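Quick look at what TrEMBL annotates:
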type	residues	note
TRANSMEM	A:7-27	transmembrane segment
DOMAIN	A:69-248	domain 'Protein export membrane protein SecD/SecF C-terminal'
TRANSMEM	A:89-108	transmembrane segment
TRANSMEM	A:115-139	transmembrane segment
TRANSMEM	A:145-166	transmembrane segment
TRANSMEM	A:197-214	transmembrane segment
TRANSMEM	A:220-247	transmembrane segment
Amino acid sequence: MIRFSKYIWLYFLLSALILVPGIFSLVRFGLRPAVDFTGGTLIEIRKDDKISTLRLKHGEDQNIDLNGAEVLRSETVGPILGKELLRKAAVASVLAVVAILLYVALAFKNFKFGICAVVALAHDLLVVIGLFSLFGRFWGVEVDTLFVTAVLTTMSFSVHDTIVIFDRIREYRKRGERQTFSDISDRALTETMNRSLTNSMTIIFMLLALILLGGSTIRWFIVALLIGTVSGTYSSPFVATPLLILWERLEMKRRQV
Amino acid sequence: MFYLLIALMSFLIFVNLTPKLKTHLGLDLSGGIQVTLEADMKDIVSSDRSSALESAKEVIERRVNLFGVSEPVVVSARSEDHYRIIVELPGVSDVDRATSLIGQTAKLEFREFIIIQDATESALLIPTLGNTKSVDLNGGDLRRSRVDFSPETGEPVVAIEFTPEGTKKFADITTRLVGERLAIFLDDVPITWPTVQTPITEGSGVITGNFTRDQARTLSLHLNAGALPVPVSIVEKRTIGATLGKESVEKSIWAGGVGLILVAGFMIAQYGWLGVLADSALIMYGLISLALFRVIPITLTMPGIAGFILSIGMAVDSNILIFERYREEKRKGKPWHIAIEVAFGKAWDSIRDANFTTLITCLILFNPGSWQFLPTSGLVRGFAVTLFIGVLVSLFTGIVVTRTFIRVLYREKT
């Protein structure tokens, strides 16, 4: 058995190392919205095997001399649609989070489990969004509607992964063995670690193949999914579970006092 | 059970190979034009807005069909105060022609035939702009039309109702043209040319003509399009070149294939023969999902494929959970055939909870009730629906199929 619970602060430090710059960038620079959200026109053309992208704001002259280039795609979007999509996706996410919270709380007959799962989920969302804010700042990466889907995927995956570990903890607790909560979770983590790694590896293989071989239009979308997957895997044993342990310890102390 | 699965497998291969069923690809994959129009409803009383939108949609559908596109999609969507029509034209690349065609406001006009000497000839004549002339009565004079049923014959008829000014004009025209035909044109194309039977002075009449219910409905929608003309403006225009779509499909399939082989190899490396069986269950999973996408049918888009990939991950996960449990139980000293059954039982709890939360999320994102405050966008829903189907199928293949394969095919030295 590996004593995972000894290094809780280390995990938090590691998360903070990723989260703090991301959140800082998010607050300071925000995300770089694509035409989907700002409105305007985007034209991607190919000439002599070179792909270039033109961006036009609303009302700018739309007649561009293409000079024999092939138009790969062009998008003209009014600003309302993107905002509406964003707002509705946000409402749906909040509803989904509440539903997950309730389901987990019910399935595990304990609100703490639900809240810790949701905190881990928020952690993963912030990691993805924060990193994309940094990407946008330094490499000009834009977030579009596909990015919204990637964020939603991260949400599902994160909870999926957390529940597997919580399920173990629940099982060992039910047996009523005389162990501290830290011991129980250490055992659960040790035994699920192989599964977590194997499972993430399979998804990471899929995504890496898509990044390296897939089309250029979806590259950043897959990168977002990849970050979400890695963060989702990490957060289950190293954010959700430590939080649960800390919470339990706090309650124990209160009971003793 | 095992033979049943083999039979199912062959059936699925058959379904996936029949050329009759096509895999529906979204515009982002197949190439084409997507135009979103927003209807300006400020001149239309709120109770008439829904039928005005339906009429506008009907008219656009008509124009799109005239444009000669295979499998066009025209849907109306309401989002709070916004009334929209989304038009998808696969395989079309001439944006300007397409948008000028569908972006117009409908024009309804009544016309009478120019008198021709030979009366029998005129009775058979199809009205055109050339052999008819305007009677100065148009869509603005019409208040609304609706489908009704004749009290005598019970047949569907189209009832029309005029504005006060239209009533006066219509009374004059019908008095003058008793026994003659009065043609009605929509966007300069004739839609119906009934014979005036009696002068209609009270401002409402019916058009009869052995309509089926659908014909009457379409005619009424067309008339309403003129009566409640809705100016539409283009709020979004997307063109995906056919080459780009094709390239992304080809590359993604290629990449997905490589990814799957890596996953399959990894499973075998980790679990040996059990991995091979899990991979067979995975193939089954792929076949079932693809067959479902084709049969339902579900339009595959990029986000849809993402949902599908995620669900592959979850399908493999069920098996990994079971196999890890199996190893644990064996370590405790149980003989393998008992260990495997115990593993299935114990892993079920976590598989159920984990997949159930995903299903809940999918349902909320898919928004089956089409609630206004939840996503109505095709992209998000496309993602949710493939993930939903994927998770359901993976529950079946990851548990039932794998277990059957193991029971029948797997042996371990004791």
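Backbone N, Cα and C define each Cβ position, glycine as well.
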Remote residues contacting the transmembrane segment (A:197-214) - C-beta distance under 8 A, at least 6 residues beyond either end: 157, 161, 222-223, 225-226, 229-230, 232-233
Two-stretch contact, the transmembrane segment (A:220-247) and the transmembrane segment (A:7-27), at least three Cβ pairs under 8 Å: yes
Sequence-remote partners of the transmembrane segment (A:89-108) [C-beta within less than 8 Å, at least six residues beyond its ends]: 114-115, 117-118, 121, 148, 151-152, 155, 159, 163, 166, 170
Same-chain residues at least 6 beyond the ends of the transmembrane segment (A:145-166) whose Cβ lies under 8 Å from its Cβ atoms: 36, 82, 85-86, 89, 93, 96-97, 100, 104, 108, 113, 116-117, 120-121, 124-125, 128-129, 132, 188-189, 192, 195-196, 199-200, 203, 218, 220-221, 224-225, 227-229, 231-233, 235-237, 240-241, 244
Spatial neighbours of the transmembrane segment (A:115-139) far in sequence, C-beta under 8 Å, 6+ residues away: 15, 18-19, 21-23, 25-26, 29-32, 97, 100-101, 104-105, 147, 150-151, 154-155, 158-159, 162-163, 166, 220, 224, 227-228, 231-232, 235-236, 239-241, 243-244, 247
